[in-house]
Amino acid sequence: MWSPYGKERHHRRAARGRADRPTGSAILAHARSAGKTPGPSGIGRPPILRRPVQRERAVPLLAASTPTPSLQQRELALFSLYRVFESALLALLVFSPWGEMLGKVVDMPIAVSVGVGYVVASIGLLLHARRPLVDYQAHATVGVGVDIAVATLITHAAPEVAPGIAMLLLFNIGAASLFLDFRTSLLVAAAATLALGAERIVGLFGTGTFDRPFAEMLMFGLGFFAAASLSRLLGMQVRESRALADRHGAQAANLAEINELIIRRMQTGVLLVDGSGHVRLANEAAILLIGDAGAPGEDGRRGRTLSELAPPLAMRLAQWLRTGNVDSAPLTLREHADVMPRFVRLLAESDNTLVFLDDTSLVSRRAESLTLATMGRFSASLAHEIRNPLAAISYATQLLEESEEIGEADRRLLQIIHQQCVRTNGIVESVLGLARRERARPEHVDLVSAAHAFVQDYRLIVSADNAELKISCDQPTLRAIIDPRHLHQILSALVNNAVRYGRMPGELARITLRIEQAGECPTLSVLDRGPGIPDAVAAQLFRPFFTTSESGTGLGLYIAHELCRANEAHLEYVAVPGGGGCFRITLAARPGLLRH
């Protein structure tokens, strides 16, 4: 036979089964603790926007289909506290002189015993209700049984207060039915009706007449059944609605967590700026672009304004607020040269503005990588076809140069053709070398020994009349982690660049390889005494195909930079005060120290 209680037991078993299984939020919390972002199957609650970044908390994907035990325990404790209040009123009726105003007690020994016993029992039930893992149905059954027994005995000891006691019992039966199944609720109502009816029958044998009309007893009996039934049915509906609300609330919280995690991990910077220019929220990408806005102040605003963090961006925002238009030129924020801002009004009636910062350098690097990869494959497949025409053109040019009939103007044109053939062949060789680049095999290398070996090899290739190459190091040995072959290629590219551009006109190229320890990381610097590099040119040194020379390929420094990245090293240009240039390689002393 179906009953609401059977349905409820099914819900409780399902809830316990779900509680035994790890929820999506638990999977997400574990992935976050490992520093990874779970896939779609493990998405749970990261920041979106951070305020500042706090420990990410997990939110259950599905709430239990019944109220949480702590909530139901609070309800049971509140009902038990109300029972203590009832017992206090009963004790007042028995022991206080004002109790005669409510009704005359005809059997004082029974009234005193019941009053004291009810106070003790109600306090005991209250303490039991506050214990963890209490059985709610058993507790409610015992409690309402005590209420029925007390109501029956008090009605017998003080017949004049019987209607009031019956009304109190009516409420207790209805409240207890919230914790009982439907069948037990009806049994409790029947027990209360029979108990009061039995008391009237006992009174009939004692006095020979009914103290109250039979209709009154019938109405209270029907009231007990009605209170038990309606309370149980309404309680089930309330709990189902509450469970549904809990599930929807948990799902909404999870959606908020997912949105926060997505925006936090976005490569696009996101800022929320209020009407006064304070940065209210910022994700990780935005903090990398403009810096941390600080902790929120007492008024809820972040500690710094947008004009303090990024004045050019604040000016661009002010222009957009005034005119509704924005300049399409990229902005320079901190060390990032190419940032494209976009502005969106959060709400029509709000002063808050969402600022999106797109780091266009990421797109540029991807485009460069795609271009180089495509060019490498193309050059590898057509290297033979490219080199053969170049060789023929170069050979024909040399033959024409040997002809005595060629004038000086034509001879100059032949020299230009020969130079461009050499340059084109160099570009093909560089691109092929980049395309054939093997995976780095870093190992512990003594930089001092490697530098001496490189200088010896380089002096066999370059005449001492063109360059002076020396080593500066205060330590006999200094170890770092790098692929030795890649280190040789990097030094070759940097020294060749210094020999070509790092000299004053008419002077010998003086190049120094300086090896030193900078904190935890060893560094190897290539210094020259040339005219230096302007800031505008220095910002583009490591871009592919960028060159200031007609004969350069623009790939030497780029390849050196990429080889450093492959070995978890960092290559940068440092201006030297007083003239000259310095390319500094910062290497790792142990694996993972400089991992980007």
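Residue 1 is the first one shown; counting continues down the chain.
Note: Cβ is positioned from N, Cα and C throughout, glycine not excepted.
The domain 'Histidine kinase' annotation in TrEMBL covers 381-591.
Among the features that TrEMBL reports, region 'Disordered' is placed at 1-22 (among others).
Per TrEMBL, the feature region 'Disordered' maps to 30-49 (among others).
Under the heading transmembrane segment, TrEMBL lists 76-98 (among others). If you look at the transmembrane segment (76-98), the same-chain residues 6 or more away from its ends with a CB under 8 A from one of its CBs are 105, 108, 111-112, 114-116, 118-119, 121-123, 125-126, 128-130, 134, 136, 139-140, 143, 147, 150, 154, 158, 161, 168, 172, 175-176, 179.
Same-chain residues lying 6 or more positions outside the transmembrane segment (110-129) and placing a CB less than 8 Å from one of its CB atoms are 73, 76-77, 79-81, 83-84, 86-88, 90-91, 93-95, 139, 142-143, 146, 150, 153-154, 156-158. Look at TrEMBL and you will find 110-129 (among others) tagged as transmembrane segment.
Annotation source TrEMBL lists transmembrane segment at 136-155 (among others).
Marked as transmembrane segment by TrEMBL: 161-179 (among others).
The transmembrane segment annotation in TrEMBL covers 186-205 (among others).
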Sort out the residues at least 6 away from either end of the transmembrane segment (136-155), same chain, that have Cβ-Cβ distances under 8 Å to it, and list them. 72-73, 76, 79-80, 83, 86, 90, 110-111, 114, 117-118, 121-122, 125, 128-129, 161-162, 165-166, 168-169, 172-173, 176, 178-181, 184, 188, 191-192, 195-196, 198-199
